[in-house]
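Trainee: Submitted below is the structure of interest, expressed as structure tokens.
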């Protein structure tokens, strides 16, 4: 696991700081957060007597995804007992959550920790103490402490909240709707995380059922690529199979309907095709970018429950801050955590996103709103961020805003006084010596302008994405980039770029 590959130099530096009682550079001084390492250092000396100690990385393990998240480092010494280590691990988790979730929206606390393990010795908080002392459970070199959060077995959703970065009350609400009504549609703009959340909810339902997550237990239909007839045939066959068999072991538990264009017709189709008993029907989770209007006699109201995502409220409006702060922690670079220039850049990105969202609300239609997932490929070093953002702005954002503004003029006419968004961006660029880069950012002319002046995205300057585009600007996620590419293909008759250059470590939204 990459989380275990912290350099020996970093560990030695931490050892020296802790031995001398000096301050650690592992936390941001500008954040005002408590210093994890100084709290851990309390255990380094008793009665003035030095003794051996070892560094342990603290990782949160997500069992379903087979993934570990690095959250911090603690010190284990010969005088430390289990309650002391409980406190140190809890403090590491507390500091991590404070960094990742500065608005305390997730609802995760030290009570979210269920257990932790060191070299096959497992400690359940509040349970019986292991026979061996903590110091005997760590090796002489760098060790790891693997933390498990409360989850399905404890009738909690803390583990799912930690992974998805979606506040606990909302996560509980989504699961409650599914368990009670079995049918749910998530509505909202592209790039707000609907598709990713849908897949995680499906995995949760499978885990809850006690069945294995195999290829056939979750069936996904992309309604942009597959027809309603295909879906109707599949659901009808599924209903017949359920009626014929007493065992449901081979029957899909969850059906995902991604990218629904007409929620009303889909609701009618599902009601007509799934004629089997309601409690035996699979869970059905749909996503749509189109707003769904509810009426008292609406068929959707009778079968599906609705969850509306908006860039103005949680979980979308706080997700980008949490995601980028976690990404910084995952870099495991202690110097980056204290780099004020980098922290300033990462805190600027959500402000930029919301500025663009507000621009599109004024000048475009609901089809062209921009979700936070557009910026998930943001690098976590200032050196990499600068060229990444310039490419993203000129090659992706400006063409998207252009098409959005044109669409707004066609549908609504001139809705508001025109303000070129590049002016706000140029005035707030967060990296040092940014003045030299201001002129590199393209202007956005009003939709009525047909020719671009200097610095404007004319046909020559606003180049479409192509196969020679730097990978940094191609690391943008579906479905927003897919929509952008289609628009550019139609306007410029270009080939679709090779999507295999996308960063495979990022979740698909």
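Positions of Cβ are set from backbone N, Cα and C atoms, glycine also.
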Trainee: Looking at 442-474, 475-507, which one does TrEMBL call region 'Disordered'?
Mentor: 442-474
Trainee: Please work out the mean pLDDT for the residues of the domain 'AAA+ ATPase' (180-319).
Mentor: 85
Trainee: Taking helix as H, G and I and strand as E and B in DSSP, count the residues of the domain 'AAA+ ATPase' (180-319) in helix, strand and coil.
Mentor: 58 helix, 27 strand, 55 coil
